[in-house]
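J.: Have a look at this one.
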């Protein structure tokens, strides 16, 4: 099902490859250029040496002038090039206010980690698409929970929370795990207790009027669709019991069941009930952080504690030496392939972002033909691309070369 883009003020681009590259420009007065590493006229210094009138003085002046020009050109090329590319914010979907919040934070001098928190927190507060933050995606019992992750691309530190109840600030809780524990992830009620003990508000009811109405309609529809398989009754709310097979242990029977399960998977997954904000932010020096937040899949089975959202390498991954990736879609399938880890490692081996993204998605689609999902890829130079399968995907970008957030549309 294609994602419908709401009316928006930002620029939009439709790119099959979704690649964004940037040039560089020099601006300002000589003094400004000098501070920024731009062209500086070395003539005054050279003239002082020429006053000696000696051949040695002329040679020395020429050598010094050449040396200054070479050094300035190297410094200028590096700094001006970086200033045109970074800072950079990339996010799944047209979550414009979230990207703007991340951009303001990083442009104001916050670290990439703190800027990711600002961006994802904005999406949690706005309840983007009803699938981020509190008040969305009820499970079979009607309860909403939060998954979130944050990763430091410089240190490879990760903090995550999974199936967190009673605390609405998922990305802030994930940062607390990263900064104040030796662990990578906390889950369930214990994650909630930790977050509250560290100062986050709670306990709070994460359900909303909208989520409870959504759950009631699902119950009226005989609890369809759901995430059950190989159980009876197939088209009701249970209680469920195992389906018996006449040929248990028969190789062909098991293969048929496997194929049936593949055909069934992801048929009920779309952005209305299954979505994630995954955001990557590069600071002015190219240091990277990524973060994700989601309230998971609607009508998931209670006890489905960990989706792909809090899994490093599945929903997001970053390495300052290479680049970053963010993902969205059917997390139960995606976490089996760690697509964002795959993307980053493919770029490490020399793949361009567009090829790395397509390769990661194609690996999943080969095994699960009804899979629905997408990734964006950004290399360390700021070049970005996206790939998707089963739906039309959009991701948002803000860079110094843009006046506002721009949206890139990727077709399957």
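Cβ coordinates come from backbone N, Cα and C, glycine included.
These came from TrEMBL, pasted as-is:
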type	residues	note
ACT_SITE	276	active site, nucleophile
BINDING	304, 305, 306, 307, 308, 328, 329, 330, 331	substrate binding site
REGION	1-40	region 'Disordered'
J.: Could you measure between residue 304 (substrate binding site) and residue 276 (active site, nucleophile) for me? Cα positions, answer in whole angstrom.
T.: 16
J.: May I ask for the distance between residue 306 (substrate binding site) and the residue listed as 'active site, nucleophile', taken between their Cα atoms and rounded to an integer number of Å?
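T.: On Cα coordinates alone, these residues lie 14 Å apart.
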J.: Please identify, from the binding-site residues 304, 308, 329, 331, the residue with the sparsest Cβ neighbourhood, meaning fewest other Cβ atoms within 10 angstroms.
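T.: Among the binding-site residues 304, 308, 329, 331, the lowest count of other Cβ atoms within 10 Å belongs to 304.
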J.: Could you measure between residue 308 (substrate binding site) and residue 276 (active site, nucleophile) for me? Cα positions, answer in whole angstrom.
T.: 9
J.: Write out the long-range same-chain contacts of residue 276 (active site, nucleophile), meaning residues 6 or more apart in sequence whose Cβ is under 8 Å from its Cβ.
T.: 92, 131, 132, 292, 293, 294, 308, 309, 315, 327, 328, 331
J.: Test of understanding: give the count of other CB atoms lying within 10 angstroms of the CB of residue 306 (substrate binding site).
T.: 19
